[in-house]
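Read the structure below first, then the notes.
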Amino acid sequence: MGVGRGWRGFVRVAAVGLAVTLAAASAIHGRERLRAREAAVAAQQAAARGLAGRLEEALAGSGEGLLLLVRVLAEREAGEERFRALARLLLSGNPRLAALAWHRPGQGVLLAGADAAAGAALEEAAPALSGAAEPRLVRMGMDGRGIFGLPVGGGRGHLEAMLDLTLPAVPGLAVRWAGEAGPPGWRPVLRTRLSLAGAGVPVQVFAAPPQVAVPWLPAGVALGGGLVLTTAAVSLAGWSARRRRSLQAGLAAVGAAEGEGGTGSWRVQGGRIELSPGALRILGPAAPGEGAPPLARVHGEDRERVARARAGGGAFASEYRVIGPDGEVRHVRERAVPVPDGMAGVLVDVTEERVREARLARLNRSLGLLTACNEALLRSRDEPALARDVCAELVGVGAYALAWVAVRRDDAPGLVLLAAAGEEEALDLGLLGAEGEDLPWRAAMRGEAVFVEDLGAVAGPWAEGARRAGLRFAAFLPLAEDGTVTGVLGVLGLHGREAGTPGQEERDLLRRLAADVAYGIQGHRLRAAHEAARGHLELMGHAMGSIGDGVLIAAADDPALPVVYVNPAFERFAGREAAAAVGRPAAELYETLGGDERARAALRRAVAAGEPCEVVVRLRRDDGARWARVRVAPMRDAAGRVSHHVAVVSDLTDLVRYQEALERRALTDELTGLPNRAALEDRLVHALDRAARTGTGVAVVYVDLERFREVNELHGHAAGDALLQAVARGLRAAVRSGDTVARFGGDHFVVVLEGIAAPDDAVALVGRIEAVFARTFEVGGEPVRLGVRMGVALFPGHGGDAEALLRAADAAMHEAGGAGGERVVFYRGELTERLQRRRALERALAAVIEADALELHYQPRVELATGRVVAAEALVRWPRAGHGLVPPAEFVPLAEACGLIGDLGRWVLRRACSDAAAWRAEGYDVRVGVNVSAHQLDDPDLVAGVRAVLAETGLPPQALELELTETAVAEDPARARAVIGALAELGVAVAIDDFGIGHSNLALVRELPIRVLKADRTFVASVVEAPRDAAVMRTVIALGRSLGLRVVAEGAEREAQVRWLWRAGCDEVQGFYFARPMPLGRLRGYLAAGVRWDPGGEGQGGVLVVDDEAGVRRALARALAPLGVSVHEAGDAAEALAILAAEQVAVVVSDQDLPGMSGVDLLARVRGLYPGTYRILLSARADRETLADAVNRAGVHRVFDKPWEEAALLAAVREGIAWGRTGRRRGGV
């Protein structure tokens, strides 16, 4: 914008001084020499014009002063011609160029530019201008006082020094103060004034006598910083006319340059004020007697401040508003310095700059407002709360003086105020209720957004009230979705104290905000309607639940006839809970119907035809069967179409109970209550029929008790009967609810297993039956162990009917106990071989447990805050000869199936506590974690066993951590609560393992006295790539923090995962990244190594710049360098995500146009993975949809157009870093 005293004075004096000096040179050397040089001047104009264009480009947007000194080695004529052409073009065509000066060869050329870019351009152009090869750059201050290293107005000594600097060793000329004599023999040729910051100081120029040769006059001109040598009077014939023309041309160029650049200058000297043409355009003419630029034009709110600054008499800089002759308010930046007898200053019109800043600020404010209001939409509980929160955000974030929401309701006329914020007293609420053509009513009814720039021009009672309250601006936005007033009829009102209307971008954002509010209100209304409907349905449900008949309703618009309602009474008939029946096809209920097939067919025909029907059916369910009368009737809608079918079921069970009792006696074994042989054969027939229809298999297991006769003989028949009853209970408990256990006679039992999909299913189920006899029975107070033989036959492979299968199973049973001692024999050999392998594995496992031959490996857990190992999980390993280490996934389920899990769990607990006590004795304060299975949780002696092991090994209770899976806890919550409570009282910590994939109830987790949550490895594996898994991990960590629990992440294998978990606030990590499970000996060495991880560099976050153009990335990195933080660069989204996973990043600056993924898509993904980052979007063509998408989906904090304004971008990044430092600690990934 200029340096020193203002470019107006500089350039005007420069033009005058240059013209006078060149004219003097022309007079001395003659008109002929001047004409001879014109051709050379024209030849240089093209080169100078090109340089002028480059300078104008480089100086655009600059604000820092420079001084360039270029050595001139060319011949003096060529140098003078080049300088004259350059001065004429640059000083008249570049209003931002402060000054230009030329010295004789050997003394250099002085050029004053505007910033580093301008200096660089001049420096590059200098060799071509002067022929020099050694240019150098000298910086100067903005006020220009230090150009020659001396202060302005410093007295006579200073002025002499400046004269020496200004006219150094000019041959044939001498300069003296006015009144002083010149050198002997020299004659005075010129009286002039040396202009020092606008103050004229008289001097006299003497010429050498004739004997001193003066080949030419290289007039010295020093321009810049207020030091200019100018000629006031020349007594050369014929020179005045040329001087006037030159002066007029210079002044015209100055005026044109000022008009083009919006600048001007002024000077007050001796009580007289001079304003340049540019200053007159900005301020208007001065009033008589004013001593500075006219205060009358200064805005009333700024006038006192400007007057106070000027009254000080010293240098000042100020920015204020002026009211032009046409009444337009403009912003002006002024700099002024004192000069002898007055002041001089420079004015710059910065109105357009302030308008752009205000527009960008309003747009950013609107974006922030849209984000805040959308958050209010999410957190609002109901319609009034939504309106209150939105109004509060509009006033607090949007800086509106008043905001309100009014809606139309069926129970009230006009608009009803829902909420208001700000200066509510300015709103006459009663006027909103009037219907008519008032602006709010028009906006609501017509769906038109109304923007009122000045309420002073609007009629009506409502507008009058707003004007009385001092409100000038108003906007009324209909509460509509996509421009259509739908479910919500209302208006959002905004008011401000300044007149004016927002830009198109702000209008679009406000419309989008109103649509979002309408959507939110409609959502609350729908939810309220839903709640009302649900209340009505609950009332109807209570009524339906109070009757004794069962009611079922099925939808008729779906061929599957899905069930939409059943009452509690129906559950008694169907044998399944309402929750299980709703949504399932009604046809599935046919499977629960027994009895006459004709009855079932009649029901199907009636439903298909949409006609009523009544039948008596037998309903089967898990706890028995009921007889019922079923009445089916269609329900029709207003159009007469069948919409639903209603079935009413009346209980007839009491009527047939006596008959069933008689049948039961005929089909039930009286001693055990099991089906007898006749019932078994009937059930087996039906089972084979079902298997044939469904394509599944059936297994028949023939069970023979050994040594039962000995029990009868030793303990009596009563003891024998009790033993049979105990065996019957054990068999029923071992099989599934749909399987059949029958007493075939004597000490023989038969089990029918249905739904066998594969031979392995039969193997597993037979193993459960065999496990019944692995325990001892109590007879007469004494333990009795029974031997057993079992034969198994499969349908369809071993027989096609019931009789054949029973024969095959009986034959296999008789083969059991023979050669090889196998107690279970399948009718075919392939299953027998598989069973043999399973039994061999069971025997081997029992042997290694008894022989104490298992091993424990330990996997360390590292505390991220300290980097040290704080716990180790015990993992059992089975070293089997010839097979290596058998993995736990293979032998632990086997131990559970064959009843060895208790022995195995006790062995692991004892060994782990013993090892932990040993390493604690060596000085390692490391807890040990031991897994507890669901079967162990059912052991009534679990807590007592833990207490005994702790006492035996001497391990403190706080050093033991027992890990339970979610599923184990959820299977029996009451039992889990009791056991965990007892362990907590003992001082043992309990952890929930594999958290996130089981079926735990969060309320149960909250109530249980647990201390640790172990997040499952499936979420950790993709936590840095998958936003959903990252969200789950953040949720688990937040849950743990809110409940005061430590959170452990399992399965971390990469450093990026560990760093993500650290930033997310995870307490401990376990995984291959730190160590694989290891034997005790290696664990000791691992612990001896000390700290295992150092977060290093996880302090203040850096900045990530994402752009596919390397030049843009480098420019951004240079611009952000003053912040003193690390700046990372990425060329695409994949590279950006990799950097985010490995580095601590506080601010992400992304271009919208990226290869393969837009900037909004990338920032949306960053928001999901790292919501604690501050996100900035750069876009060369950001439209409304892009901006809305950036805010709503990607949560962008700032949007900048390309090319960006460097200071604003730097401020936004600095704000993001500060925001991250104060609002995002560990736990805010």
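Just so you know, glycine gets a Cβ as well, placed from its N, Cα and C.
Owing to the predicted nature of the structure, the values given are computational and were not obtained by experimental measurement.
Residues or ranges marked as domain 'PAC' by TrEMBL: 611-664.
According to TrEMBL, the feature domain 'GGDEF' maps to 696-829.
Annotation comment: TrEMBL describes 838-1091 as domain 'EAL'. Per-residue pLDDT, averaged over the domain 'EAL' (838-1091), rounds to 88.
What TrEMBL records for 1102-1217 is domain 'Response regulatory'.
Around Asp1151 (4-aspartylphosphate), the same-chain residues six or more apart in sequence whose CB sits under 8 Å from its CB are Val1106, Asp1107, Asp1108, Glu1109, Val1112, Gly1159, Leu1178, Ser1179, Lys1202, listed in sequence order. Look at TrEMBL and you will find Asp1151 tagged as 4-aspartylphosphate.
Under DSSP, Asp1151 (4-aspartylphosphate) is assigned to a strand (E or B) in the three-state scheme.
Taken residue by residue, the domain 'GGDEF' (696-829) breaks down under DSSP into 58 helix, 43 strand, 33 coil.
The helix, strand and coil residue counts that DSSP assigns across the domain 'Response regulatory' (1102-1217) are 56 helix, 26 strand, 34 coil.
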